[in-house]
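These features come from TrEMBL:
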ACT_SITE  His104  active site, proton acceptor
BINDING   Asp105, Val108, Gly110, Asp112, Ser114, Glu126  Ca(2+) 1 binding site
BINDING   His231  heme b binding site
BINDING   Thr232, Asp283, Thr286, Asp291  Ca(2+) 2 binding site
COMPBIAS  191-203  compositional bias 'Polar residues'
DISULFID  Cys73-Cys153  disulfide bond
DISULFID  Cys106-Cys111  disulfide bond
DISULFID  Cys159-Cys358  disulfide bond
DISULFID  Cys238-Cys270  disulfide bond
DOMAIN    63-362  domain 'Plant heme peroxidase family profile'
REGION    183-203  region 'Disordered'
SIGNAL    1-33  signal peptide
Amino acid sequence: MLKLRRKWSDHITTMKNLFNLFLMLFAAMPILSFSDNPTNFSESCEDGSGETGSSFGIGFGLVLDFGLYRNSCPEAESIVYSWVETTVLQDPRMAASLLRLHFHDCFVNGCDASVLLDDTEGLVGEKTAPPNLNSLRGFEVIDSIKSDLESVCPETVSCADILAMAARDSVVVSGGPSWEVEVGRKDSRTASKQAATNGLPSPNSTVPTLISTFQNLGLSQTDMVALSGGHTLGKARCSSFTARLQPLQTGQPANHGDNLEFLESLQQLCSTVGPTVGITQLDLVTPSTFDNQYYVNLLSGEGLLPSDQALAVQDPGTRAIVETYAADQSVFFEDFKNAMVKMGGITGGSNSEIRRNCRMIN
């Protein structure tokens, strides 16, 4: 019995020693923080309600969060979706317009709703920049969404977040994939017509120019080709694709694989009504459906914009991605979702607020 007691006593002493050693090691361990990671991931973000969510941000340190409005404005996402669903049902083209608003916002000094600001005596907005003038649509839809949100959650949901959610919902109601939108963006108190003029990709851009433009925003070549798939929706004026008609003047295809029959149909359209008036679908096969038909069209020489068709003919790397997406829609959807979250994480500057009216600063 004495030997047994000594044995248990030895066990207890050993356990105490191990426990004390564990405490010493734990106290000496460094605290892991993703903010030290050069990829700029943040471990978590609190919204003041105890909710946390993983976050990503490119830009000026603004941390975005998946769960920011869960307590502060739980109706936010349903209000945005309801407006988008109703509007797109009435005007299917509006899906592309709302998606494009988000693109044109994020590409100019980050996703800060600067694209929504009207010109005033002391501020020149981005709406009159050449890539936007008589081109961007959907401002009234954003106004209606904002008005509803202000009545339910005053000064809570930013206009920039509305643009991000409306872009996602436009894809969803058009048959495309869904993803969780990070929120927490702020609205800029300034705008830059010059940045909008110079920073937005041109419909005549070459592949090297597109790659460079996207890389400057932290977006990869794969992101660029995936995001270009947004052109599976929407329309374009003849003036934006006149360069595609040049082979008809020379009689020789400008690019290997050009579809001359397709180009002849475009020329007939544009010569009948004029280049500033003529308008056609970016995807003639499934014009109101978010799918991978855009990439199938590129492989058959039926990309509408020069910058679209270039993806399939100017660079082997982008060609390979186009072929992958044309063959497997699920791969395109997955890459598109990831690229949209990544683009949505391009945040604006520090001179910001949550606007009560998306067209003007408070």
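Positions of Cβ are set from backbone N, Cα and C atoms, glycine also.
This view paints the features noted in TrEMBL onto the structure.
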residue	record	Cβ contacts under 8 Å, 6 or more apart
Asp105	Ca(2+) 1 binding site	Cys111, Asp112, Ala113, Ser114, Val115, Leu116, Ala160, Leu163
Cys106	disulfide bond	Leu217, Met343, Gly344, Ile346
Val108	Ca(2+) 1 binding site	Ser114, Val115, Glu126, Ser192, Ala195, Ala196, Gly199, Leu200
Cys153	disulfide bond	Tyr69, Ser72, Cys73, Glu75, Ala76
Asp283	Ca(2+) 2 binding site	His231, Thr232, Leu233, Gln293, Tyr294, Asn297, Leu304
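When the alpha carbons of Cys358 (disulfide bond) and the residue listed as 'active site, proton acceptor' are compared, the span between them is 15 angstrom. The binding-site residues examined here are Asp112, Glu126, Asp291; by Cβ neighbour count within 10 Å, the least packed of them is Asp291. Summary of the Ca(2+) 1 site environment: with the site residues Asp105, Val108, Gly110, Asp112, Ser114, Glu126 set aside, the chain residues having Cβ atoms within 8 Å of the Cβ mean position are His104, Cys106, Phe107, Asn109, Cys111, Ala113, Val115, Ser188, Ala191, Ser192, Ala195, Ala196, Gly348. Compute the center of the Cβ atoms of Thr232, Asp283, Thr286, Asp291, which mark the site for Ca(2+) 2; besides them, the chain residues with Cβ within 8 Å of that center are Leu233, Val285, Pro287, Thr289, Phe290, Asn292, Gln293, Tyr294. Residue counts for the compositional bias 'Polar residues' (191-203) under DSSP, helix first, then strand, then coil, are 7 helix, 0 strand, 6 coil. Counting other Cβ atoms within 10 Å of each Cβ, the lowest count among the disulfide-bonded residues Cys73, Cys111, Cys238, Cys270 belongs to Cys73. Neighbours of Gly110 (Ca(2+) 1 binding site), defined as other CB atoms within 10 A of its CB across all chains, total 26. Long-range Cβ contacts of Cys159 (disulfide bond) within its own chain (separation 6+, distance under 8 Å): Ala113, Leu116, Ile142, Lys146, Asp187, Ile354, Arg355, Cys358.
Comparing the binding-site residues Ser114, Thr232, Thr286 on other C-beta atoms within 10 angstroms of each C-beta gives the minimum for Thr286.
Under a cutoff of 8 A between CB atoms, and with a sequence separation of 6+ in the same chain, the neighbours of His104 (active site, proton acceptor) are Val115, Glu126, Pro131, Asn132, Leu136, Ala196, Leu200. Recorded residues Thr286 (Ca(2+) 2 binding site) and Cys270 (disulfide bond) have their alpha carbons 21 Å apart, per Cα-Cα distance.
The domain 'Plant heme peroxidase family profile' (63-362) scores a mean pLDDT of 93 in the predicted structure.
For Asp291 (Ca(2+) 2 binding site) paired with Cys238 (disulfide bond), the C-alpha to C-alpha distance reads 23 Å.
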